[in-house]
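The block underneath contains the structure these notes are about, expressed in structure tokens.
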Amino acid sequence: MSHRHHAALVASASGRSPSWGSAISQSFRQVEAEDPFRRAQSMRGHDEEEEDLRWAALEKLPTYDRMRRGVVRSALLRDGDDDHKDDDDAGTGKAVELVDIGRLATGDAARALVERLLQDDSERFLRRLRDRIDMVGIELPKIEIRYEELSVQADAFVASRALPTLSNSAINFLQGLIGQFGSSNKKTINILKQVNGILKSSRMTLLLGPPSSGKSTLMRALTGKLDKNLKVFGNITYCGHKFSEFYPERTSAYVSQYDLHNAEMTVRETLDFSRWCLGIGSRYDMLTEISRRERNAGIKPDPEIDAFMKATAMQGQETNIITDLILKVLGLDICADTIVGDEMIRGISGGQMKRVTTGEMLTGPARALLMDEISTGLDSSSTFHIVKFIRHLVHIMNETVMISLLQPPPETYNLFDDIVLLSEGYIVYHGPRENILEFFEASGFRCPQRKAVADFLQEVTSKKDQQQYWFLDKEPYCYVSVPEFAERFKSFYIGQQMMKEQHIPFEKSKIHPAALTTMKNALSNWESLKAVLCREKLLMKRNSFLYIFKVTQLIILAFLSMTVFLRTKMPHGQFSDGTKFLGALTFNLITVMFNGLSELNLTVKKLPVFYKHRDFLFFPPWTFGVANILIKVPVSLVEATVWVVITYYVMGFAPAAGRFFRQFLAFFVTHLMAMALFRFLGAILQTMVIAISFGMLVLLIVFVFGGFVIRKNDIRPWWIWCYWASPMMYSQNAISINEFLASRWAIPNNDTTIDAKTVGEAILKSKGLFTGEWGFWLSIGALVGFIILFNTLYILALTYLSPIRSANALVIDEHNETELYTETRNEEHRSRTSTTTSSIPTSANGEGNRPTQSQFVLPFQPLSLCFNHLNYYVDMPSEMKQQGLMESRLQLLSDISGAFRPGLLTALVGVSGAGKTTLMDVLAGRKTSGTIEGSITLSGYSKKQETFARISGYCEQADIHSPNVTVYESILYSAWLRLPSDVDSNTRKMFVEEVMALVELDVLCNAMVGLPGVSGLSTEQRKRLTIAVELVANPSIIFMDEPTSGLDARAAAIVMRTVRNTVNTGRTVVCTIHQPSIDIFESFDELLLLKRGGRVIYAGELGDHSHKLVEYFETILGVPSITEGYNPATWMLEVSSTLEEARMNVDFAEIYANSLLYRKNQELIEELSIPPPGYRDLLFATKYSQSFYIQCVANLWKQYKSYWKNPSYNSLRYLTTFLYGLFFGTVFWQKGTKLDSQQDLYNLLGATYAAIFFIGATNCMSVQPVVSIERAVYYRESAAGMYSPLSYAFAQASVEFIYNIIQGILYTVIIYAMIGYDWKASKFFYFLFFIVSSFNYFTFFGMMLVACTPSALLANILITFALPLWNLFAGFLIFRKAIPIWWRWYYWANPVSWTIYGVIASQFGGNGGSISVPGGSHVAMSQILEDNVGVRHDFLGYVILAHFGFMAAFVLIFGYSIKFLNFQKR
């Protein structure tokens, strides 16, 4: 309606006399009343005319411009609000515009278009796309993947040699070197065994198989992403072409089961970057051809589809509408602008991160998708909708897809066309889904009615599970092995048909030109560099705190150094003044260099994501290297500027402006060189422990030969090449020449022993430095050369080096027929055991031969847990306050009541965000923040957390365990500290063995635990270990958080059978569960169902076949009845969803609160809140089960076991110690036997300083990752009340002390003999004591920083602040007596200064000889040490006491920090 007509109507309605216009309006309204559709039809006609005009204008444009213009509704260019209106409204009165597609590709317009395209469903949208393509006769590319006789093998150590002990690691290393020239002792493991198959286009294949069957290996092999250390046999072809003829990495997309992303990027930014790098494929060419044919045929396409296709065909955009489409389809639009996060940065949930991993590959143009375990952490509804979209993509767009799923529910399973069943490396079945049950029935096995087919398929090949599915009553059951199944499939008609198809070669003439990708990267080199540079800028912005912290740290150090080397205390002009100026220059140089040390950490941190992107051909590796180099140039500029501007004039350096800018130039190129060096070291060393150990060794070499510690003339001939190869030497020359060739040092030289005209030249010559101005520019040129060299080597390392992978290991137990195979994080974890799973008893009574309480060695007291009107609040998050929420608190649990009883297994279920884990944490007392309201009682008495921790167990979802111990050692350790002190050792071990048998870990008792996803146990085995560790405490109540999350159906069955066995012993067990299968769900006795917001909507028994739950919901008006055979858990969550509540206009929480069931539950709570007759409240005489002494012994036992099996830390410790010792011994070879001059003494002083400081700093930094991993374990064990924090600190310090003693002896023997110190027993043992003590306090200091900070990264940054201060006040760069009086206290507070004092005093303080000094005279050595260095021999007793004091102080701070500082926020 026009504005005039509308105004007339308003005027009429307001009572004014009707005008001529209002009369016409009234007449028009009467006509409308007679024909209500006329107006809408008229307006639609107007829109169509306008659209035709716009389209005609578009058709007149050149092809290039036409591909970048589209006809769209104006509303889409505003805010998209109208998309939420009815279709009739959306189609009337809306103008259309001819717009630049670039406006439509991003922002609200893109989201509005995606909303409109997907308003019905994804299938309709894809069909609209396909209809346009078919209308002009365009054929879509198709890909067929064939694999014939495919075998994959790996080499691994076997038996006891597979355990990573220090002795084994040394033997394996030596034999590995020998094996390069001879035979290897590794055993060949067959991962895939001559498998055959065809993946066809327009068919979606489900890959099923138990853990270690080879699923990931098969997918990686088919996509060309197998580790190069694996041996591959057989043929893999795409449309008849071998891998050498195209790039499989880009033709197909592999979605890994591991989630590797930049934690600081948002979900949208992550997908945008992958889409940008993966490119558009053939979309632009196809769209151009479609547009040409439409134009020739006079066809006008659907404007919205045309606009969408043009937007997706735009190459090189930073963001694109494809990202919005994938976000919407995967349900990530609600968290699109949330950072991904990691274990230290709070971000999206695990399920959302899994979808990000999937979406990352879906944004690309690949037409073959192989997706590995994409459902981990997702509920069945999300999995179903994602797989359904992929099914539409396959069937409508002719894509080729294989998906591996864990526990696929029946509705998801039925979406697939084909099934591949893989077991023990054999293909048991590969063919249509409809025929797989027929194949197994032909072999005598039938799937029960209420059994999910996918669960049946994963259990029927298991020796332990197979018999229950045998249905031929007239024939005796006989185990059918996996190889037998594989042979039977070959003779089955489906297998015969597939073999025939494989024998017919693929007709290469039929292949679509765009099917296979022959270009290595989607983008040009410039576009790739631009994309990576934009991402690195973004990451740098997100890490701005780190760079601000570094600059702040530099400013603080600058002010500290200014006050030490204050110009008023820095006289110049005399030869003796040069030492202090050289010390100041050297400290400045070290600070600027070491401030770039964080680049090592940042480089190592980026590598996992880089390797993924490199291997997936996102970009050429050199672009990543160049981007990181360029982005850090401003950092070097800022840090060099800050340091020089603050320090130069205050320290009293040469005042000329030219000298100022030359020093700035020297520090700037030095910082660039240091950053390049650290980047290069990070790229080749790859892990933090190795990077720190060998990186510090490289820095030591660079520093020692830097021109200050030892003069060039005093360097041994075999090391002189290192002097010329040390970048720091050129930096030292540049800054020294710049200072000492200034006019104020041009005073005539009076020292006849040095051939130099001026004092400045004499100082330079005395240190072996260049003496001409040419030396400055030569040094700058050399540093630029090093910058180019290190950056080039960095790029080459990125391009050609593969990630460091953990050693392959295989443990074989001939008696138990168990194999455990561990490989790398990027390669599939494989572990095979002949005793796997059996079905969970569906009876709530748990029929079968289960252990009962009477069968256990140790009795326990059954307890019930009641909670009434429970509420939980947290402070309102700042993000939510910014969105306008004014409340101060956010309620996560709302009026929850319930009871958990002995012998009953209770399921705690709800959608994501319902508060399942929150409720469990509140009940278990694990919350560290928030406010709890309501009552919690334990068998009638109020719950006290101190005693409750002793009688309860909590199985966390994360499965946190010490990685370097065996399964048996983990469980025994838990039993040792958690069982009562009156339980003797033999009884304790018997109980441990009973528990291991209960959870079916007895066959894995000697297996290493390892790190999740990296080494050791599989996910399912770790779950059982978590249960065993808690069960061995003999608890009455056990909480389990998501015990089946991330497991396949068979592994979940093992875990749930373990849980069921635990309940049958009479314990109270509560599990949170995430979308369980029918088998798992009906193994529970009771259910507590929560809705979003932490409100109860059902609490009560499940009943046989869940009939009580079903009856309750079916009595609610509007709830649809459950379909026969449908999973009650899935049905329950579907009918109680928020959408269903809105549809029925009900609140299920209110319905429950007003129900008879609620009143019965309240009566039960009241009944259980009264203590039973004769029952007393729990009371323990001591806080912990064991005495402090036993706690220390047990903790030390575990740490000893852990350290012995941690060669990556301890073997590396001793190897680097040997190399450090060898280096110092050869550099300062027999220097201790020749002490004729003051310079000789100073050279030895420099050797002592460097020998102590650098290896100590290495210890300090390398211990931090180890302690950080163990701290996470400590938080779990401490929450369980296992031991005192001080006993843990004692054990951690003690085991380090032991290893440090060995390290100190090794180091002392090497350098003491090679440097040539005096072989007197007293001097040797003094030296040994100070070296061992320094190793200890450095190590304890590193441990202390970890305990005081929330992350190892922050602790590492603090080290880069502390170590320069220790270095400055160590007594070498500036002697004690030269330190200003206001800073001399820090000399005594610095442990390194005490060690250097002790070594110098013990070795040389008591010597009676004299040495020559500048000027030619001779002075007693003890006199020089006292007057110049400030060292006295008679002070040694105090020095020894100081070392004990520093060690004790750091250990105590570590212990009390562990006790009082809890950085785990729950």
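Cβ coordinates come from backbone N, Cα and C, glycine included.
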Of the ranges 241-261, 871-891, 1123-1143, 1396-1416, which one does Swiss-Prot flag as transmembrane segment? 1396-1416
Which one of 140-160, 581-601, 959-979, 1148-1168 shows up in Swiss-Prot as transmembrane segment? 581-601
For the binding-site residues G913, G915, the largest set of other C-beta atoms within 10 Å encircles the C-beta of G915
Pairs 6 or more apart in sequence, C-beta under 8 angstroms, 3 or more of them: is that satisfied by the domain 'ABC transporter 2' (865-1117) and the domain 'ABC transmembrane type-2 2' (1190-1404)? yes
Quick check on the binding-site residues: of V911, S912, A914, K916, whose CB has the lowest count of neighbouring CB atoms inside 10 Å? S912
Can you list the residues of the same chain, besides G910, V911, S912, G913, A914, G915, K916, T917, whose Cβ falls within 8 Å of the ATP 2 site's Cβ centroid? T918, L1090, R1092, G1094
Near the Cβ of G910 (ATP 2 binding site), how many other Cβ atoms are there if near means within 10 Å? 26
Chain residues outside the transmembrane segment (690-710) and at least six past its termini with a C-beta under 8 angstroms from it: 582, 586, 589-590, 600, 604, 677-678, 681-682, 719, 722-723, 725-729, 731-733, 736, 767-769, 804, 1208, 1212-1213, 1215-1216, 1219-1220, 1223, 1227-1228, 1243, 1246-1247, 1249-1250, 1254-1255, 1257-1258, 1261-1262
State, in range form, which of 1209-1229, 1241-1261, 1327-1347 has the highest count of Cβ pairs under 8 Å to the transmembrane segment (1355-1375). 1241-1261
Restricting to the domain 'ABC transporter 2' (865-1117), what is the model's mean pLDDT? 84
Those residues of the chain, 6+ apart, with a Cβ under 8 Å from that of T917 (ATP 2 binding site): Q957, D1041, E1042, T1072
Beyond the flanks of the transmembrane segment (1209-1229) by 6 or more, those residues with Cβ under 8 Å of it: 166, 169-170, 173, 689-690, 693-694, 696-697, 700-701, 704, 710, 715-716, 718-719, 1203, 1243-1244, 1247, 1250-1251, 1254-1255, 1258-1259, 1262, 1266, 1299, 1302-1303, 1306-1307, 1309-1311, 1313-1316
Look up S912 (ATP 2 binding site) in the DSSP assignment and reduce it to helix, strand or coil. coil
